[in-house]
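The next block holds one structure in the form of structure tokens; read it before the comments.
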Amino acid sequence: MFARLARALFGSANDRTLKAYQRRVPEINALEPAVQALSDEQLRHKTTEFKERLEKGETLDGLLPEAFAVCREASRRVLGKRHFDVQLIGGMVLHAGRIAEMRTGEGKTLVATLAVYLNALSGKGVHVVTVNDYLARRDAEEMSILYSFLGLTTGVIVPNLSDGERREAYAADITYGTNNEFGFDYLRDNMKYSLADMVQRPFNHAIVDEVDSILIDEARTPLIISGPADDSSDLYRSVDDVVVKLVQEPDVYDKDEKLRSVTLTEHGSHRVEELLAEAGVLQDGGLYDIHNVAVVHHVQQSLRAHTLFTRDVDYIVRDGKVVIIDEFTGRMMDGRRYSDGLHQALEAKEHVEIQQENQTLASITFQNYFRLYPKLSGMTGTAMTEADEFAEIYHLDVVEIPTNLPVRRIDTDDEVYLTAAEKFSAVADLIKEIHETGQPILVGTTSIEKSEYLSHILTQRGIPHNVLNARQHEKEAIIVAQAGAPGAITIATNMAGRGTDIKLGGNIEMLVKASTEGVEDEAQRESVEQNIRAIVEEHHEEVHKAGGLYVIGTERHESRRVDNQLRGRSGRQGDPGNSRFFLSLEDDLIRIFASDRMGAMMQKMGLKEGEAIVHPWLNKALEKAQKRVEARNFDMRKNTLKYDDVMNDQRKEVYAQRREYMATDDLSGVIAELREHTIEDLVHAHIPEKSFAEAWDTEGLTKEVSRILNLDLPIADWAKEDGMDSEGVIERIEAEAAKAQAARTANMGPELMRLIEKQVVLTTFDAVWKEYLHGLDQLRQGIGLRAYGQRDPLNEYKQEAFQMFTAMLDDMRIRVTETMCRIQAVSEPPPFPVINTETSGPSEEPAGLFSQGTTGGDIPAPQPMAGFPSAAPMPPRPQPVPTGAEPDAATLQRWYAETPRNALCPCGSGLKFKHCHGRLA
């Protein structure tokens, strides 16, 4: 009550924020006549003028009115679109590092150009982040015309680009791309071996389109770069055969749909043990014996695959592969795989080829990636429902931007039925009724399965319609273009919710593009375009009179934002429209989360088959259920962030140290320091402090010095000398080690040794970091059990992660020291037969292997150089026969400096440099 009274008297916080921005709008509008009087060349020169003024000390805020006026005029001339006043406010919100909530059809893409242009003037780059590759390409293509007119460059990051193309795109003033591509490029850059090979510049400003989808919906899913692990496909198949039998029996597992978890009952544990033993999968002993721990893991993942994941809802099988379906967009997520063996369990369930498991090499969550940007802003049609999360996690305020024209859409109360069959029958009845009026209809479903079920009903009734889901995603553009035509019926999964604009009468641009594809004659193209424009304008009037787009939702989603996205397809830019949701007691949201009393109360009302209940009370009850789900998901994301923050600080430290090593030409000082630390640790481990020589473990120390430092020293004789202590031993060992290193450097030459030192440090750093990530994954999976011992899992995780990180650094020092002490030059490669090998081109990055929350392929591990010890014995690799005369030392050193490791060797052997003469470096 008091809150409502305060809002009435003083306005909401959003109102006060808008007023502050609205005061600047007249200032921008006042500049319009003068800017319109400028020639194209004078308008373009304004960009140069703004840059010069920035260099002299002016601020971006100071330039804002003029820059916005220039961008607005350029847009009017080049794109034929002039920014409305409310769009100017949206641009100011984005520039301020906030989130602009703008209704569908209000021109978010155009709004972004204002903030993008202003912030690109600094020359530090602006990243515009979209949810898929199609939107990245489309927006970059459409808006590059504007930016080019203003003298700015535009790049776009999409899959399958080379490093050179990526570097060029990031060097542009404005770079478009998806959240996945930006994130993976960051991880890949931090796996490179030279600063020159990195593609990204230091971060400056990111503007995230559909910010709620990327920063909220996908926040819990980490980006992971991975390499191959052990193959256990046979075990997955054997366990799957057992679980198929198991799930058909009663009382063998407990399933919690709220938490999406499943556990074996005591009876189930005994039963699975019997089935595994019969199948010959279980080794001696019980299921939970230590040597069967891998089998337990496989059983758990197979059980999840069979009980929690449904084909055509959570994933589809396409071309013999299991492809994940994004629960928020309904789109296929090609290249992404579930981690921790779950994807392999699904492949076994569907009897397709089981891909190899992978091991994490590098990972980061979107939460931590986007917090790397000094300035972050975003835009979406639905953000206010998650305003608290944006503020708490990202320190971003949400500002609701008013529409340019009032919203005329009529939102009808939900209709709730007893069963799903009754619900879909009622939906079909309404579709038939509305279709006869000529009003276009968009029907939203939550899965492929349900969209095809409704399509089957409409087909039986002879009602023409289009289906848009992950199976028909190739036809998306043309289906969406026609969705606003008179009488059009479109059944869509959530994929129609984002990045699409359904215009009444049809989308002229999309229809023209589809109709003129392959037509080269300009006159013919113009004729086709004129005909389409005339038809669409006629259809627009017809649909407008019929009542606009009618949106029908067949189920409430867990998130109110997804429902609002669907509603928002209708009533764009002041158009008329309607929306209505049809629900049943069998819907997941009501069945799992809504009050149990709802079903009982409806049944007590004595509803007959086919009857529905419509009441605002039901809407409120459903909204409460959605809020509970959203709060639960928020808590889960916060919890994920707390754990990831532990590694995030370590990741920043590791990547910063690694970049420092890459930027340093001479690492001999670092090598010497690591060696000194290693020697001190060795001596202190074998010589107790302030002890007599008799208590020294000289034999153990001698063996370790020989193993790690490759030195045979008379340490036992030193111990007999008067006055000898641990410090004296350290000094002597260090002197001998330094002498040996100097001899190796003299033998190989200082320049070559510097290259080898850098290679050793970076490859060792990567190896120990990879092993640390694997250990951290294992720790994270089991840390929750500490709660049963009355200990805080998060604190336990922090303590153990710190201990593991310290141990990782110690391990790195020992490995680098051991490798450098055993390095030796090889005059020429051994004479193995020439083997024909395929090359992937001169790119160091493993392309196409990246996924969210899992991996999609193999990454070859860095190959050790000649004479290097490796963590595990490796079979000898085929080596080339040198062709022609061997290069001289000067040529070799030039090759080492200029030739990428994965490029073909300049000697002409046909092998990669790293497998040929690059073996020496």
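Cβ from N, Cα, C; glycine included.
Counted within 10 Å of its Cβ, the other Cβ atoms near Gln87 (ATP binding site) come to 26, all protein chains included. Taken from Swiss-Prot, the feature ATP binding site covers Gln87, Gly105, Glu106, Gly107, Lys108, Thr109, Asp501.
Taken from Swiss-Prot, the feature region 'Disordered' applies to 831-886.
Feature annotation from Swiss-Prot assigns compositional bias 'Pro residues' to 872-881.
What Swiss-Prot lists as Zn(2+) binding site is Cys905, Cys907, Cys916, His917. Cβ-based neighbour count (10 Å, all protein chains) for Cys916 (Zn(2+) binding site) stands at 23.
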Span of the ATP site, taken as the largest CA to CA distance across Gln87, Gly105, Glu106, Gly107, Lys108, Thr109, Asp501 (Å, rounded to a whole number): 17
Between Cys916 (Zn(2+) binding site) and Asp501 (ATP binding site): CA-CA distance (Å): 55
Separation of alpha carbons, Cys905 (Zn(2+) binding site) and Gly105 (ATP binding site) (Å): 55
All-chain count of other Cβ atoms within 10 Å of Lys108 (ATP binding site): 24
For Lys108 (ATP binding site), the one of Cys905, Cys907, Cys916, His917 that lies nearest, given that the binding-site residues are compared by Cα: Cys905
Pairwise Cα distance for Gln87 (ATP binding site)/Cys907 (Zn(2+) binding site) [Å, integer]: 60
Protein Cβ atoms within 10 Å of Glu106 (ATP binding site), excluding its own: 24
Per DSSP, three-state class assigned to Asp501 (ATP binding site): coil
Nearest of the binding-site residues (Glu106, Gly107, Thr109) to His917 (Zn(2+) binding site), judged by Cα-Cα distance: Thr109
Neighbours of Gln87, Gly105, Glu106, Gly107, Lys108, Thr109, Asp501 excl. site residues, C-beta within 8 Å of centre, ATP: Met102, Thr104, Leu110, Val111
